[in-house]
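Following: one structure in structure tokens, then a few remarks.
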Amino acid sequence: MRLLIFLGLLWSLVATLLGSKWPEPVFGRLVSPGFPEKYADHQDRSWTLTAPPGYRLRLYFTHFDLELSYRCEYDFVKLSSGTKVLATLCGQESTDTEQAPGNDTFYSLGPSLKVTFHSDYSNEKPFTGFEAFYAAEDVDECRVSLGDSVPCDHYCHNYLGGYYCSCRAGYVLHQNKHTCSALCSGQVFTGRSGYLSSPEYPQPYPKLSSCTYSIRLEDGFSVILDFVESFDVETHPEAQCPYDSLKIQTDKGEHGPFCGKTLPPRIETDSHKVTITFATDESGNHTGWKIHYTSTARPCPDPTAPPNGSISPVQAIYVLKDRFSVFCKTGFELLQGSVPLKSFTAVCQKDGSWDRPMPECSIIDCGPPDDLPNGHVDYITGPEVTTYKAVIQYSCEETFYTMSSNGKYVCEADGFWTSSKGEKLPPVCEPVCGLSTHTIGGRIVGGQPAKPGDFPWQVLLLGQTTAAAGALIHDNWVLTAAHAVYEKRMAASSLNIRMGILKRLSPHYTQAWPEEIFIHEGYTHGAGFDNDIALIKLKNKVTINGSIMPVCLPRKEAASLMRTDFTGTVAGWGLTQKGLLARNLMFVDIPIADHQKCTAVYEKLYPGVRVSANMLCAGLETGGKDSCRGDSGGALVFLDNETQRWFVGGIVSWGSINCGAADQYGVYTKVINYIPWIENIISNF
């Protein structure tokens, strides 16, 4: 199907080129008079054969028998096309001076062929004459012999009865239908330098072309033209460039025309606009020209880099539109006056001045370091020195605060004080936890008064009609029992928090106010004491000192320090053996009780009450040592022998109504089970 479509299109093209009607066939047979018998004397016959335009005639002989004579003077067949004789034939075979057709084929030079037969007055022998056949055939005008001129500049396309020409990209067929003229007008060059040349340079340039080249630079530049390599433009010895010519036009005047074989001299145009025209005629075979154009402008002063800086690029001369940038050494910053710059680039103007003044490279100044709460900063490099590579040392208030890093910071090139780990924020002085002057031995119910420094984490929680306790675990977080603050969870500000006291009613204390109370989501008020744990976030951080200090949270290894019969300490202002709230902070050292035994005791005392795995029991089978009402939320603490710090292992939760009774233990929330919950609340709030 595709082939049929193609053939249809081809037929349409040929029909368009030749007209709507295909030429009638031209062919036939020619014979001598009387053939195949002998021809008579005194015979003169001629045939004029004609083919359609674009065709030629082909003729060959199948029989040829004529009288042989010197130069075929007697009998002959003459073939001629136009004014040219193609051949004069006689005899049967060719000799040195005579030609017989043999197997040769003869072609007309155009669409016409004349065949002439002549016999003289006598023949010594009977000759039978000739038989010839002819036909018209298409002429391939695109096929040329060596030395003949080509019909087309670029591409020649033959068809039946004629041909047509086409051109390569960048050329257009001239109206003469043979010459390809270059499309070389409207070329614009805007670079400060470059090359331009005649089409096809260094090959011969095309004929009948008119080229225009425009150089357009910014005002302030001046174009310089240099002819390079070779110059070959058709000329005439008696006239100035009458055939092909090159002209150069500026707003200051015209240069040229140029032709011949001598390179024209340099042309300093003193203009930023140049137009070059190149015109060619239909003759000649010349290679053309090539121009290297450059530009110049009024130079700007050589820039000098500021101290501690450099410029780029470095050039021998800077002219219009040239630019340079300034870069400072590491530790220095660009300043224009007092204004910091992210970057700096200056551009040369047409009047020979830079568009911006040179900046400075000023040493980076990180400024005074941030104050360190509960600590201080020392200048190591020198008093108040805060510039690049200066060193400062942060330190925490000894004994009560510590930091995880070494506290050394350096002023870096980005303008920030930076630690050896790349930290930009100052260190944090974290409170030291678990320091106490307490030694094991004493009791609450059956206990004794605490001394200053024994339980610096102890917190007194006062409601309008209630009192409870808590333990400071950070400078703004208090750990307590959920049941002790449950009623205050929606009105945290009504809770009165006091620290740094031993006497419950002492007027000398540190006041703290809650910001928010967090009850464990697994705690259900009035339905047992599982998950009896809560956190109180303080509005402000408290200052850590000998009277106020957090207790540590248990390490992973702490479970081994809270086994049965291991001793812990609990302190509080709860009921004493006399049934009154203690005026002084009391404490007692009590052992951990066996969990199964404790569970069995409370199943017997209070059927349905469960001692869960989130609880631990403490006390003596014989009684006498226990926490009691008013101690709720206080910390049951243990000494970590490895760190020599006290940690909270339990929170006073619940127990028998009869505090300190035999076989009735105090029950505490097991803190180690809630470390992930505690850390999550503190880190997110």
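Positions of Cβ are set from backbone N, Cα and C atoms, glycine also.
A helical conformation is recorded for CYS72 (disulfide bond) in the three-state DSSP classification. Residues within less than 8 Å, Cβ to Cβ, of CYS72 (disulfide bond) and separated from it by at least 6 positions along the same chain comprise THR88, LEU89, CYS90, GLY91, GLU98, GLN99. Per Swiss-Prot, the feature disulfide bond maps to CYS72-CYS90 (among others); the stated evidence is similarity to another entry.
Annotated Ca(2+) 2 binding site per Swiss-Prot: ASP138, GLU141, ASN158, GLY162, in sequence order, evidence recorded as similarity to another entry. Around the Cβ of GLU141 (Ca(2+) 2 binding site), a 10 Å sphere holds 17 further Cβ atoms from the protein chains shown.
Sequence-distant contacts of CYS142 (disulfide bond), defined as residues of its own chain at least six apart whose C-beta falls under 8 angstroms from its C-beta, comprise PRO151, CYS152, CYS156, HIS157, ASN158, TYR163. The DSSP secondary structure for CYS142 (disulfide bond) is coil. Residues or ranges marked as disulfide bond by Swiss-Prot: CYS142-CYS156 (among others).
Sequence annotations record features per position, and here Swiss-Prot assigns disulfide bond to CYS152-CYS165 (among others) based on similarity to another entry. Cβ neighbours of CYS165 (disulfide bond) (same chain, under 8 Å, six or more residues apart in sequence): PRO151, CYS152, ASP153, HIS154, TYR155, CYS156, HIS157, LEU173, LYS177, HIS178, CYS180. The secondary structure of CYS165 (disulfide bond), as reduced to three states from DSSP, is extended strand.
The disulfide bond annotation in Swiss-Prot covers CYS167-CYS180 (among others). Cβ neighbours of CYS167 (disulfide bond) (same chain, under 8 Å, six or more residues apart in sequence): ASP153, HIS154, TYR155, LEU173, CYS180.
Of all the Cβ atoms in the protein chains shown, 23 others lie within 10 Å of the Cβ of CYS211 (disulfide bond). Annotation source Swiss-Prot lists disulfide bond at CYS184-CYS211 (among others), citing similarity to another entry.
Taken from Swiss-Prot, the feature disulfide bond applies to CYS241-CYS259 (among others), supported by similarity to another entry. Taken residue by residue with DSSP, CYS259 (disulfide bond) is part of neither helix nor strand, so it is coil.
Positions annotated as disulfide bond by Swiss-Prot, on the basis of similarity to another entry: CYS300-CYS348 (among others). According to its DSSP assignment, CYS348 (disulfide bond) is in a strand. Remark: CYS348 (disulfide bond) has ALA297, PRO299, CYS300, TYR318, VAL319, LEU320, LYS321, ASP322, ARG323, TRP354, ASP355 as non-local neighbours, by Cβ distance under 8 Å and separation of at least 6 in sequence.
Around the Cβ of CYS361 (disulfide bond), the same chain contributes PRO306, PRO307, ASN308, GLY309, VAL326, CYS328, LYS329, PHE332, GLU333, LEU334, LEU335, each under 8 angstroms and 6 or more positions distant in sequence. DSSP assigns CYS361 (disulfide bond) to a strand segment in the three-state reduction. If you look up Swiss-Prot, you'll see CYS328-CYS361 (among others) marked as disulfide bond.
Secondary structure at CYS411 (disulfide bond), taken from DSSP and collapsed to helix, strand or coil, is strand. A sphere of 10 angstroms centred on the C-beta of CYS411 (disulfide bond) encloses 25 other C-beta atoms. Residues or ranges marked as disulfide bond by Swiss-Prot on the basis of similarity to another entry: CYS366-CYS411 (among others).
Taken residue by residue with DSSP, CYS396 (disulfide bond) is part of a strand. Among the features that Swiss-Prot reports, disulfide bond is placed at CYS396-CYS429 (among others).
Residues or ranges marked as domain 'Peptidase S1' by Swiss-Prot on the basis of sequence analysis: 444-683.
Among the features that Swiss-Prot reports, active site, charge relay system is placed at HIS483 (among others), with the record citing similarity to another entry. Sequence-distant neighbours of HIS483 (active site, charge relay system) (same chain, 6+ residues apart, CB-CB distance under 8 A): TYR523, HIS525, PHE529, ASP532, SER632, SER653, TRP654.
Here the Cβ of ASP532 (active site, charge relay system) has 30 other Cβ atoms within 10 Å, regardless of which shown protein chain they belong to. What Swiss-Prot records for ASP532 (among others) is active site, charge relay system, and it gives similarity to another entry as the kind of evidence.
Under the heading disulfide bond, Swiss-Prot lists CYS598-CYS617 (among others). In three-state terms derived from DSSP, CYS598 (disulfide bond) belongs to a helical segment. Around CYS598 (disulfide bond), the same-chain residues six or more apart in sequence whose CB sits under 8 Å from its CB are VAL611, CYS617, TYR665, VAL667, listed in sequence order.
DSSP assigns CYS659 (disulfide bond) to coil in the three-state reduction, placing it in neither a helix nor a strand. Residue density at CYS659 (disulfide bond): 25 other Cβ atoms are found within 10 A of its Cβ, drawing on all protein chains shown. Taken from Swiss-Prot, the feature disulfide bond covers CYS628-CYS659 (among others).
In sequence order, GLY54, VAL139, ASP140, CYS142, TYR159, LEU160, GLY161, TYR163 are the same-chain residues whose CB sits within 8 A of the CB centroid of ASP138, GLU141, ASN158, GLY162, the residues recorded for Ca(2+) 2 being left out. Note on proximity: among GLU141, CYS259, CYS411, CYS659, the recorded positions of the record, the Cα nearest CYS429 (disulfide bond) is that of CYS411.
ASN158 (Ca(2+) 2 binding site) falls within a strand when secondary structure is assigned with DSSP. Separating the Cα atoms of CYS366 (disulfide bond) and CYS659 (disulfide bond) is a whole-number distance of 62 Å. For CYS259 (disulfide bond), the spatially nearest entry among the binding-site residues ASP138, GLU141, GLY162 is GLU141, judged by CA separation. With CYS241 (disulfide bond) as the anchor, the candidate binding-site residues are ASP138, GLU141, GLY162, and the one with the nearest CA is GLU141. Here the disulfide-bonded residues are CYS396, CYS617, and the one whose Cβ sees the fewest other Cβ atoms within 10 Å is CYS396.
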